[in-house]
């Protein structure tokens, strides 16, 4: 077997629920100032689910659609791995439910299970799949990686940053989006910025301000680690590797970020600029950033609003060209936890000039509270046009049903009633589901879930 080349994403599909909440209406409903969510967080709409959809139904819909749209033979898949932080069972994996899409075709030889670590699980599953294809264990088949989640909060202040969705990715050689193994920075640590210790409820415990600082701090450390790795690689190759310099932003043409909210993405890009400036000996790199902000202590720099605003302003033009396409869809969808970064990636490729995209490098930042993070690179190694056309994300988002805050609150109440329950018949309306969507039909007395498919 020849060594596989250009291993990465060969195809992608995304599924979002058919209903969404207008954040402008939600601002009025919650009695906050106009623009707090739409401008302050950069969020226009938010996907949400009733009790008819769960992490498994979202995944079933996305994977079945991926197989259908891209004419993938279920027998051609040798690994199936799920990243999620919304499990409905402490032992039985979401992946086990997805085997129902493959077993009827005679395929029960499917490696991989679920990977759980907050919003980072999808990225870990992606790396596992790529490593499998590049390993001696590879049997020549492709892999599918699934990132599926529902983000729901108890506190009113956090609810605007909810959302729901699933991204499924076909992984293999000769991909159109290939991972760049030389472009990776990793940071892992122990934090309590966001966690879910109460198994009786769907809600997390969140320290919002600490979580933002943890996110930005992780980005800083990934920046450092990526530079350390690229410099080490150059030394190992006796200087034969292309020079990367000391600026991480010079390594990428575009960027996509894990997106709890869109405002955090603009702060993050500015933060990368700040780290590049700290590593630079060229005074011109600090242009637009006042002198008094250049020597802040590290702790102060994470929370200094004047520095934050200066960095966002200094990178505004670059951000618009290199990053803004990645938040077009997240601003209309909200947070999808593990699927968030990959929704951003789909948004990016759906909103750039594909004619000139081949050969470009995309930087991606993945963060999961607790905390796990990686800043890594992908290269466009093929024509993305077919994939973007088949995903058709931006058009599909316009077809959702915009519902009222009262409808959203009712849906939340249904989910609260259903969570952890048995002998339960879901009450949510299925009429708005599109044909081919999987939904929860019932939960029996032994907690076993039955799913149905919306017909024509």
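Each residue, glycine too, has its Cβ placed from N, Cα and C.
Feature annotations, courtesy of Swiss-Prot:
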type     : residues                              : note
ACT_SITE : 85                                    : active site, proton donor/acceptor
ACT_SITE : 119                                   : active site, acyl-thioester intermediate
ACT_SITE : 258                                   : active site, proton donor/acceptor
BINDING  : 34, 119, 161, 211, 258, 267, 335, 369 : (3S)-3-hydroxy-3-methylglutaryl-CoA binding site
Three states by DSSP: which one describes residue 119 (active site, acyl-thioester intermediate)? strand
Measuring CB to CB from residue 34 ((3S)-3-hydroxy-3-methylglutaryl-CoA binding site), give everything in the same chain under 8 Å that is also at least six residues away in sequence. 24, 27, 28
Among the recorded positions listed here (85, 119, 267), which has the Cα closest to the Cα of residue 258 (active site, proton donor/acceptor)? 119
Within 10 Å of each Cβ, count the other Cβ atoms and name the one among the recorded positions 258, 267 with the highest count. 258
Mapped onto three states, the DSSP assignment of residue 211 ((3S)-3-hydroxy-3-methylglutaryl-CoA binding site) reads helix
Do any residues at least six apart in sequence from residue 161 ((3S)-3-hydroxy-3-methylglutaryl-CoA binding site), in the same chain, have a Cβ closer than 8 Å to its Cβ, and if so which, in order? 41, 43, 151, 153, 260, 261, 334, 335
Just name the most isolated of the binding-site residues 211, 335, 369, going by other Cβ atoms within 10 Å of its Cβ. 211
C-beta crowding around residue 85 (active site, proton donor/acceptor), within 10 angstroms: 27
Cα-proximity to residue 85 (active site, proton donor/acceptor), 10 Å cut-off, over recorded positions 119, 211, 267, 369: 119
Nearest by Cα to residue 119 (active site, acyl-thioester intermediate), of the binding-site residues 211, 267, 369, is 369
Residue 267 ((3S)-3-hydroxy-3-methylglutaryl-CoA binding site): secondary structure state under DSSP, collapsed to three categories: helix
Cα-Cα distance maximum in Å, computed over every pair in 34, 119, 161, 211, 258, 267, 335, 369 that the record assigns to (3S)-3-hydroxy-3-methylglutaryl-CoA: 29
